[in-house]
Amino acid sequence: MAGYDGVVLVMAVATVMMLTRVCADPDSLQDICVADLSSGVKVNGFACKSNVTAEDFFFAGLAKPGATNATTGSRVTAANVEKIPGLNTLGVSLSRIDYAPGGLNPPHTHPRATEIVFVLKGELDVGFITTANVLISKCIKKGQIFTFPKGLVHFQKNNGKVPASVIAAFNSQLPGTQSIAATLFAASPPVPNNVLTKAFQVGTKEVEKIKSRFAPKT
């Protein structure tokens with residue numbers, strides 16, 4: 001299994017390198033610019049820090065499955081510039097996504113990146129929706145790859161009886177994620193009910209019920 005995981009990581013790195021040929025982030029003008037995550041300076045990215053170590057380029061967080069006991073039955077573990085400061089200005093990042101049986105990574109978008117996933121184990125029903133409202137979908141299995149174009153709404157669903165996992169690569173150091181349901185029903189301040197009732201052609205009670213499901217647990 002260790003050998004297989006090694007091959008997966010090599011493929012993921014190679015995939016990221018291919019994605020950077022058409023990089024979503026601006027090109028770097030220096031060898032490295034390790035992010036100073038504590039800096040108050042606001043730029044398009046992060047300010048560079050001067051004291052750089054190997055730890056700025058290292059992250060072990062994708063080695064183990066994430067807990068999938070969330071409401072959706074999935075867990076995204078990001079390996080972006082916020083976890084690996086050395087990614088600043090390099091235009092790449094990864095994530096690991098784990099799915100319980102029946103787990104869903106709900107419809108969402110990445111406004112700053114194209115995503116490509118490699119299945120570590122299990123099977124997933126995946127898809128994205130074009131701006132012409134056409135669903136492009138497929139069932140993918142261990143060792144297979146699927147791509148989600150930048151900015152388009154997409155999802156992954158584990159309809160199997162065993163857990164599933166993928167490694168996702170992005171051509172951005174911080175792709176950003178907007179989950180459609182949470183964006184509309186859990187925004188702060190909230191999206192007005194009359195906007196949502198009109199958009200979804202439902203009553204205020206239905207909107208309030210959905211909002212209550214996304215309210216922070218106390």
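Note that Cβ sites are derived from N, Cα and C of the backbone, with glycine treated the same way.
The record in TrEMBL pairs Cys33 in a disulfide bond with Cys48, which is drawn from Cys48, Cys139. Listed in chain order, the extra residues whose Cβ falls within 8 Å of the Cβ center of the oxalate site residues Asn105, His110, Glu115 are Ser95, His108, Thr109, Val117, Phe148, His154, Ala168, Phe170, Pro175, Thr177. Secondary structure of the domain 'Cupin type-1' (60-208) per DSSP (helix as H, G, I; strand as E, B; remaining residues coil): 22 helix, 57 strand, 70 coil. The separation of His154 (Mn(2+) binding site) from Glu115 (oxalate binding site), Cα to Cα, is 10 Å.
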